[in-house]
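I have placed the structure first, in the form of structure tokens, so that the comments after it can refer back to it.
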Amino acid sequence: MSAASQRVGAFGEEAGYHKGLKPRQLQMIGIGGAIGTGLFLGAGGRLAKAGPGLFLVYGVCGVFVFLILRALGELVLHRPSSGSFVSYAREFFGEKAAYAVGWMYFLHWAMTSIVDTTAIATYLQRWTIFTVVPQWILALIALTVVLSMNLISVEWFGELEFWAALIKVLALMAFLVVGTVFLAGRYPVDGHSTGLSLWNNHGGLFPTSWLPLLIVTSGVVFAYSAVELVGTAAGETAEPEKIMPRAINSVVARIAIFYVGSVALLALLLPYTAYKAGESPFVTFFSKIGFHGAGDLMNIVVLTAALSSLNAGLYSTGRVMHSIAMSGSAPRFTARMSKSGVPYGGIVLTAVITLFGVALNAFKPGEAFEIVLNMSALGIIAGWATIVLCQLRLHKLANAGIMQRPRFRMPFSPYSGYLTLLFLLVVLVTMASDKPIGTWTVATLIIVIPALTAGWYLVRKRVMAVARERLGHTGPFPAVANPPVRSRD
């Protein structure tokens, strides 16, 4: 057997996975998996920059995030795969598209891991005992601990994410209850009256004008990143057709309550000027209301969120890198699988990239979070656009009688897909308008695109060789032993 066919194996990219995620774990990942540093830490700086109208941005972005998830849900039920939309890009647009989106998504999660290690170090330094420890050392310790846990098994990942997501959800619910009590009772916070009068006394709903609201959109998009993880995780659960629709449809309530509701409540409890970048707005609130130890307790929660996000990032990149490695687009070692069903090669590669973030914490500790956050947003925009494009392609092929769409579908397709792509383009343009960090981030595409192009020419012969081998073993679809049944009408 050739080297290519050995990599492909009898069942393609899904070989070796243990399908060990339980329904309750996937449900909780769907509910709380995306509640991470983008909300717990990033919302503080965005409130300070854009004002209370920020909750409207969360709402608008949330609508499109839900549409993206419905598109992903349709693709998953069309053909479950741990390679997620990288595998679907290969199916609908070919190897070149899978190569490009796979590496862009890897860039997203590699940068997200840097964001998370930076956030963990930032949270820890809120306590005096850790202020004497350099930020980069704290980031390195966090990476080492989470990497070790992630390499054990998918069951460990699922259990860690279940409890971490539960803690995050309970913490946000506690904030919503306490905040609502203060708001309904008109109790002052830090000497300020609560409610709509707070907005009137501090410049209204848009105190900094509409432009900052547009500019912070890329950061809000990052706050929603990881919602697509439910699609990746569905490839490692036994019955995705039963639990995927429930997990995705629960996103509507989660967006309305946890994202839009919490940001609106924060803006009604304290002036937007009370929040600041680098500090969780939830920690700010609990510290201001005088609850003894409440700020420290909330800091533990947001620390859990950052650790959870880092854990999820390593999980996701391991699976994505395994998928593109099985096609020949990534280094061979990233296709390696442990006996416990963990694609450790891709996970370790992500950890190595994250070490550059540790170095960034050493040289630019004050700017590390915003720099890599913007770079991460580029990857998630590419990933989400791919999901929508694949769904549109499935819709077109179904109309032509070539494929069949599952019952769980993206609503108002194809028009909702076109509108979502337009939204993502607007986000990219507004990111470029955020000088200097956002402008420089988008400018890095001048380097990224030629680098991806050059990389493709380096690996294309190997990719095509693997594709030819795979066609003889699994059909054109590497995720299943037999390609899906197609209509011949």
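Along the chain as shown, the residues are counted starting at 1.
Here the Cβ of each residue, glycine as well, is placed from N, Cα and C on the backbone.
What Swiss-Prot records for this protein:
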| type | residues | note |
| --- | --- | --- |
| TRANSMEM | 25-45 | transmembrane segment |
| TRANSMEM | 49-69 | transmembrane segment |
| TRANSMEM | 100-120 | transmembrane segment |
| TRANSMEM | 137-157 | transmembrane segment |
| TRANSMEM | 162-182 | transmembrane segment |
| TRANSMEM | 210-230 | transmembrane segment |
| TRANSMEM | 255-275 | transmembrane segment |
| TRANSMEM | 289-309 | transmembrane segment |
| TRANSMEM | 344-364 | transmembrane segment |
| TRANSMEM | 369-389 | transmembrane segment |
| TRANSMEM | 413-433 | transmembrane segment |
| TRANSMEM | 439-459 | transmembrane segment |
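Taking every recorded stretch in 49-69, 100-120, 137-157, 369-389, 413-433 and counting its Cβ pairs under 8 Å to the transmembrane segment (255-275), the highest total belongs to 49-69. Beyond its flanks by at least six residues, the transmembrane segment (369-389) meets 38, 41-42, 45, 67-68, 71-72, 75, 85-86, 88-89, 92-93, 97, 100-101, 104-109, 111-112, 114-115, 118-119, 122, 218-219, 221-222, 225, 228, 231, 277-278, 357, 360, 417, 420-421, 424, 427-428, 431, 434, 437-438, 441-442, 444-445, 448 of its own chain at Cβ-Cβ distances under 8 Å. Same-chain residues lying 6+ beyond the ends of the transmembrane segment (289-309) with a Cβ under 8 Å from its Cβ atoms: 33, 35-37, 39-41, 112, 115-116, 119-120, 123-124, 126-127, 142, 146, 160-161, 164-165, 167-168, 171, 175, 178, 182, 189-190, 226, 280, 282-283.
Here the transmembrane segment (100-120) does not touch the transmembrane segment (162-182). Their Cβ atoms form fewer than 3 pairs under 8 Å, with each pair 6 or more residues apart. Between the transmembrane segment (49-69) and the transmembrane segment (162-182), fewer than three CB pairs separated by 6 or more residues in sequence fall under 8 Å, so the two stretches do not touch.
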